[in-house]
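**Student:** Among the features that TrEMBL reports, substrate binding site is placed at 118, 290. The annotation N6-(pyridoxal phosphate)lysine is assigned in TrEMBL to 33.
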Ligand SMILES: *Cc1c(COP(=O)(O)O)cnc(C)c1O
């Protein structure tokens, strides 16, 4: 049966590196959304907790519920208010019209739109929004923003940083003593590794870098690898084809095998065009099927992903997409 291997030491190593840049584990919010980027949220959570992480961010309440017994602080990033918000969780406020829809006393992190224009309120609206939050008895626990291009070498990172600084100062001024317990966070993976340190009053909020990928750092370890097991093997004779549409045609007799992993497991579908090499150097032969693919025989098992960038480059996408699409139904083991 195909499976995902999670390398515990690699994960712990990456967390140590993140914490050293952030100034301690207490200043790291681990983003665990979408099954921890396909790695398995419930599997990684106890490892992160044992390291000293006690703050995670997830997509929605269902994801938060899965982790509620492990972490004290869970921030929900993409919430649709329904008036029955859970007092245990913290909700990102992405839209000012949501203030009146959220249950009283709910804990909030206010999102500031510092130029990404995806979510949040403008710095100019802060005064009015703080007033409204108080009016509706919502508990402001934190203030956050998101970088649009922390991995792009342009000035946008600095423009956004400056806007957030302005927002912070405004909030400090308006709230005075009440601002003392607020948590501010802006840096995602690339921003943290680009900045190398955090402002004294900030936490970071990191996703991908936990799993060993960062444009700005080579000093990380990949956490996930994907493996498939052999279903069958045969000699493909010169001139014979394998798979749907017969797009691979053997130029000479070749020993091939079929492995139990396909696009239903969340892989992008290889259509038999271009050379796609697996980590062991074997080439996928013909189109990938729903639940299997064929390649040169590699023995009983074969590694399909040990670095998501390889597949990402082939399909002209990013490592995030390759990882997050891996089916939650795949077996995951920690080694
Ligand atoms: C996904 C996400 C992150 C994590 O981003 P990485 O680039 O994976 O570190 C942080 N903040 C928000 C709001 C996100 O949606």
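Each Cβ is built from the backbone N, Cα and C atoms, and glycine gets one as well.
Please treat TrEMBL annotations as automatic predictions, because they have not gone through curation.
Given the structure is predicted, the values throughout are model-derived calculations rather than measurements.
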**Student:** If you count other Cβ atoms within 10 Å of each one's Cβ, which of the recorded positions 33, 118 has the most?
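**Tutor:** Ranked by Cβ atoms within 10 Å, first place goes to 33.
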**Student:** Please report the Cα separation of the residue listed as 'N6-(pyridoxal phosphate)lysine' and residue 290 (substrate binding site) in Å, rounded to an integer.
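**Tutor:** Residue 290 (substrate binding site) has its Cα 26 Å from the Cα of the residue listed as 'N6-(pyridoxal phosphate)lysine'.
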**Student:** Can you tell me whether DSSP puts residue 33 (N6-(pyridoxal phosphate)lysine) in helix, strand or coil?
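**Tutor:** For residue 33 (N6-(pyridoxal phosphate)lysine) - judged by DSSP and reduced to three states - the answer is helix.
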**Student:** What is the Cβ neighbour count of residue 290 (substrate binding site) at a 10 Å cut-off, with all protein chains included?
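**Tutor:** The answer is 10.
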